[in-house]
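First the structure, in the form of structure tokens, and then the observations on it.
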There are 4 protein chains.
Amino acid sequence: MAGNSFGNIFKLTTFGESHGEAIGGIIDGCPAGLEIDLNAVQAEMQRRKPGQSAIVTQRKEEDEVKFLSGIFEGKTTGTPIGFVIENTNQKSKDYSHIKDTYRPSHADYTYDKKYGIRDYRGGGRSSARETACRVVAGAIAKQLLGDIKITAYVSAVGELELNKPYQELNFAEIEKNPVRTADASTAQQMESYIREIRKQGDTVGGVISCVIENVPIGLGEPVFDKLHAQFGKAMLSINAVKGFEFGSGFAGTRLKGSEHNDLFNEDGSTQTNYSGGVQGGISNGEDIYFKVAFKPVATIMQKQQTIDNEGNLMEMQGKGRHDPCVVPRAVPIVEAMAALVLADFWLLNKLSKL
Amino acid sequence: MAGNSFGNIFKLTTFGESHGEAIGGIIDGCPAGLEIDLNAVQAEMQRRKPGQSAIVTQRKEEDEVKFLSGIFEGKTTGTPIGFVIENTNQKSKDYSHIKDTYRPSHADYTYDKKYGIRDYRGGGRSSARETACRVVAGAIAKQLLGDIKITAYVSAVGELELNKPYQELNFAEIEKNPVRTADASTAQQMESYIREIRKQGDTVGGVISCVIENVPIGLGEPVFDKLHAQFGKAMLSINAVKGFEFGSGFAGTRLKGSEHNDLFNEDGSTQTNYSGGVQGGISNGEDIYFKVAFKPVATIMQKQQTIDNEGNLMEMQGKGRHDPCVVPRAVPIVEAMAALVLADFWLLNKLSKL
Amino acid sequence: MAGNSFGNIFKLTTFGESHGEAIGGIIDGCPAGLEIDLNAVQAEMQRRKPGQSAIVTQRKEEDEVKFLSGIFEGKTTGTPIGFVIENTNQKSKDYSHIKDTYRPSHADYTYDKKYGIRDYRGGGRSSARETACRVVAGAIAKQLLGDIKITAYVSAVGELELNKPYQELNFAEIEKNPVRTADASTAQQMESYIREIRKQGDTVGGVISCVIENVPIGLGEPVFDKLHAQFGKAMLSINAVKGFEFGSGFAGTRLKGSEHNDLFNEDGSTQTNYSGGVQGGISNGEDIYFKVAFKPVATIMQKQQTIDNEGNLMEMQGKGRHDPCVVPRAVPIVEAMAALVLADFWLLNKLSKL
Amino acid sequence: MAGNSFGNIFKLTTFGESHGEAIGGIIDGCPAGLEIDLNAVQAEMQRRKPGQSAIVTQRKEEDEVKFLSGIFEGKTTGTPIGFVIENTNQKSKDYSHIKDTYRPSHADYTYDKKYGIRDYRGGGRSSARETACRVVAGAIAKQLLGDIKITAYVSAVGELELNKPYQELNFAEIEKNPVRTADASTAQQMESYIREIRKQGDTVGGVISCVIENVPIGLGEPVFDKLHAQFGKAMLSINAVKGFEFGSGFAGTRLKGSEHNDLFNEDGSTQTNYSGGVQGGISNGEDIYFKVAFKPVATIMQKQQTIDNEGNLMEMQGKGRHDPCVVPRAVPIVEAMAALVLADFWLLNKLSKL
């Protein structure tokens, strides 16, 4: 029950450390007969890739995914889809400065204590590089989901928030700005702010919002595998995530039932959508929307006190090329994880009734 | 893969509708040789039970748990622990008024659409009555966990918030007031407010905070089964929950890395704890703390417009005895789910290294 | 991952010791909308029940199954089906003679060593009483499977073998004789032999054959969850089973490929069926047939040397009412386990292709 | 729940078709800190490899395993172990003759019907090439198991049987003869027979026996995951397997209880071992032994009638280099699967009691 698999029916298992030879995964349970657009998969990879704009890490990683099985003559065959992504850049770096040192608010200390051994090369398994595999699988899941439309965007960078309801935003803007927010002028402010933060050698947190449209009714498996519970787990499993709320979320706790209840229209749709498209753990056909909180990246280009693995105090400073703010590159990861959850429940739901 | 099991090694599977003959469950994977204090189990049940104070539902349910297997001469035997809780009250009610009607913001509509059939008697499987089984299993898990101390309390009722850090609160107060908050004067305000809400025939949401002390280092199974990801799923699977944040949470997104990083002390502990006791998905030995957002109860004693299952508009009004605010009774449920997560990872962690 | 669950989608979890208050289980994943014939369930229970004929144990157990959830107005609702069977007879016995003693070829010794504690009352969890829960779930699975016809029968008792191919047998005979074999005259010989064995205070082994007709093509999930591999596991998990073979089985190892290959007819059916209805782990639409080997019951009414839990040699003799030969009562258990395997794969197969 | 994973804690997931770019897998749950002898892994691969002797297929496959993650500085790190084996030979063949044709007693027909699409290049996923991944994982599992000694050998080829109890055999002979049987003179007879069969363009079945020594008490997870049930599933999931028996097996069904019961010695060991080292589904410390039946290879070098995918009758004849008898190369596969079962239960058993 080691935790490197996600999903029940549409199931992703991943492997790989940031500086090993390759990372990769196996998607088991994708139905046969799905035409796979490999360019669309690679396009998702480009959205997550380092070096894509001036406000993200300038590391060079090709992130080219190679499928090894499960797809034949352009279609899935029902057999497991194996894939690898080579770590082309892994040998050039020197990690001796962190070999015996625990970086603050990283996973160095906890991995070392849990496993008694640590692949100290750049975060090893705990590196967000692992999420590239999620994006591959999510891209396949998206193709399975057809008309279901998943759109994530940055809704906050530090204290800069995009405060409009998603219905008033222009999703077409998202991929036009390097921050991936859904409003052109906010994008400029956020971009400037991230540049400023980077100059300081500092980092900053942010929030990603996600909206899912054209959702079929019936997705989710109560009582423990409620749709939103699985979304929550999926999002919280992404590196640096500290919170998840859907529908009215934390703000909804301040409302009264008479304000919060979503009254029905005659066709079963609802007049409001505080429920966020999920009732009793099952999708009701309304839009699903949720927010994901990301902490500031732990690696900063400033001196910090820390300890080595013998408990000696020492100073360290981040080296290399790191993201000053993780949310722009995390947008495709949020979408990928949402797609994995939906694909799994979409398949399971076919078995709900005779 | 229907969703009525939780956990990998310490695994709970539950069954039961609110108005069937009984609810119950099976705990599989509890190690043999654990002395079980049955009174402690029943005491947890009392904390969740209806009718325990003036501000919760006045329904009468005995909620007496009967263990049927897996415990012999006071100790667990390593075999599955089966238990049932009879629904003593289930026959007295008349549910004809909701048989063909979908209550707003309830699960009536989604269950009916997903399964094509609905046990309309009081929520059926979607009723929070199901959580009684979680409390039973959580009480066993707590006994397995020994010194690990899990404390949940109400930190907000509507707009009334208990805004102190948990270190400044008095946990001894929690069980002394019917709201289960950790401050006597706030408790009085919250209680008055809930009484007022009930008079209006309305309901209100709230927040539960949870603190876990004496946590061993190493719990959690990256990359998908990160400790906090599983906590998130556990909490979001509780009825009426809309959000989850741990450590710095959503507020942490507004901080810079230089502010948010938790610097080490020489002994490996940290000077601050924005991480909330989890780094890289693995416990680091610091206190774990998180917040859970609950929406207002959907059943209100006011007239609301709704539809029947043929799409006809109609008016309905809640009947019977319902909670005006769910958080006081949800405190033991939050603790139970936390205990289930911890017990599972505590066992799994024994297998992390040779 | 304690081993008290069987199946992936149509999943049975059981609990209960032979002499606790009750045994029972939860079936999770049965689709909604299935009409349940409760009499048919109870009829299967009668086939497994002690005391049904002169050649089985004369213990009195009512074995009345009580469903607690998941069935409403005669139909499954898609929620978990919880059930219990009370152990009406459990208090009358005296088990002090085996409390500290390990019965030869029983599970007393291994349970004690594995768990460090043992419910010594009549076998506890290791008793075949547990299989009553399998029969309940199997009876539900059979109803789900509709036209698929599962027929098990006794094909050997000790050295008495029923050596005809199943096509030449009369399945209508099976329930007419207490041995449950498919031939009237063989039945008489077997019955006489079992009576003789019982008089000797001894027991004898036997073989059950199972034939499954009207099987849809496509059941089974390679490469590990091949249809016959899951049948094998299912059968080997039944108490006292020592072997499993399907199709040509062990005899097939002596054939050449030119003799063993099943040549196709134009419609895809095969001229012979050495494959036993499974090719590459997937059903091919031909009849499935397999054999299950049962060892002689370990409890004999003769004196045997054994040891107590301190390693002292001692003599013991079986007490009470035990089966001289287990196969007549195991026939419905074999069918039940076959039904569980088929139900699971029948559901999973709906997800194999778009 | 697609079936490409095996195990609960020590879990192998595999991917790959015989003629895709590569096959491979992920081992999740191997504890950290295990020193890995890569040569020992590759040595197991050589035992399974085509072309190793005159009586097996003369295909050329390098079968070089490349580990991509989870091993660092010679030790496991607790993270998933990803590996690939390139299909170096895959492009050279012409499969047009079987593209639209279903080979008798192969999986062509069932895969096509189940998935609606078939990778017709040499068996695709249903090819025994997939078992190379099992051997890799099994070799790691063997290293985890330390002193537990797993020995498989060929005990029958067609009608030639090695009829001595394993205690009288010389295991040192096994790797000295190409048949992998445990007796030099029988080896010669078997080898001659296989050569003769090959000359006929035919194939023949066989039996592999497996003995496991130095087994700790307590392995196995009743009631469904009994040790021998999981062995059975593991073995039956290997290509061409038709039967499994352990301990006294089918022959034991003919014995009486008074003959079959294994009486205890004072130290808890048993005087006989009809139980095959397993009682109540849990290892008792005695040797485990079982037999696995393999049917004759379906591809023969003789003309056979078959059909194409439109139901037209046609003749076909096997091409290429195939095994006349599969058992010599299946010996390491049987051992590998046994090791996977044992590793999983060995880890799980650490959680059985406090």
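Indices start at 1 and increase along the chain as displayed.
For all residues, glycine too, the Cβ spot is worked out from N, Cα and C.
If you take the C-beta of C:Arg48 (NADP(+) binding site) and look for same-chain residues 6 or more apart in sequence within under 8 angstroms, you find C:Asp63, C:Thr131, C:Ala132, C:Val135, C:Arg329, C:Pro332, C:Ile333. Look at TrEMBL and you will find C:Arg48 tagged as NADP(+) binding site.
The number of other Cβ atoms within 10 Å of the Cβ belonging to C:Arg125 (FMN binding site), over all protein chains shown, comes to 29. Annotated FMN binding site per TrEMBL: C:Arg125, C:Ser126, C:Ser127, C:Asn239, C:Ala240, C:Gly280, C:Lys295, C:Pro296, C:Val297, C:Ala298, C:Thr299, C:Arg321, in sequence order.
Proximity to chain B, defined as a C-beta distance under 8 Å, is registered for the following binding-site residues out of C:Arg48, C:Arg125, C:Ala240, C:Val297: C:Arg125. For C:Ala240 (FMN binding site), the number of other Cβ atoms no farther than 10 Å from its own Cβ, over all displayed protein chains, is 22.
Here the binding-site residues are C:Arg48, C:Arg125, C:Lys295, C:Val297, and the ones sitting under 8 angstroms from chain D, going by CB atoms, are C:Arg125, C:Lys295, C:Val297.
Take the CB of C:Ser127 (FMN binding site) and look out to 10 A: across all protein chains shown you find 21 other CB atoms.
Of all Cβ atoms in the shown protein chains, 23 besides its own fall within 10 Å of the Cβ of C:Thr299 (FMN binding site). A helical conformation is recorded for C:Arg48 (NADP(+) binding site) in the three-state DSSP classification.
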